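Encoded as structure tokens, the structure appears first; notes follow it.
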Amino acid sequence: LVSSIHALMATTAGVIVVLSCRGNIIYDRHWLATYFVIWYGVPYMTYDIFAMYLSHYYRYHVKGHEDYKQHSLRTVNSFVRREFLLVLHHIALLTILLPITLVWRGRDAGALR
């Protein structure tokens, strides 16, 4: 449900931004693009990592695995190893791609003013 809502909001924000751009869509600015990244993209990616971990944990907890009687570094490590590419994707978005996007867009060009 949360992912579907995120997808609808991202699509809506994208359509609003694209329709608002009058010149070159690559270089035009819209405040919604910056705010969406900062106030919705970052929290969603953080939430999604946590939700994926909980899903992983409870999947093995219900099956009765001994290591999954309580949360521990072992369960987190198991999650990261089993879902490495998904975790890497989310961490890369949060730490590399989103900051690069904000700098490339020229955040100091008045997008937040």
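Heads up, residue numbers simply count up from 1 along the chain you see.
Just so you know, glycine gets a Cβ as well, placed from its N, Cα and C.
All annotation found in TrEMBL is predicted automatically rather than curated by experts.
Annotated features, as they stand in TrEMBL:
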type: DOMAIN; residues: 1-113; note: domain 'TLC'
type: TRANSMEM; residues: 7-27; note: transmembrane segment
type: TRANSMEM; residues: 33-54; note: transmembrane segment
type: TRANSMEM; residues: 84-104; note: transmembrane segment
Next item on the list: Average the pLDDT scores across the domain 'TLC' (1-113) and report the rounded value.
Entry: 86
Next item on the list: With DSSP as the reference, give the number of residues of the domain 'TLC' (1-113) in helix, strand and coil.
Entry: 88 helix, 0 strand, 25 coil
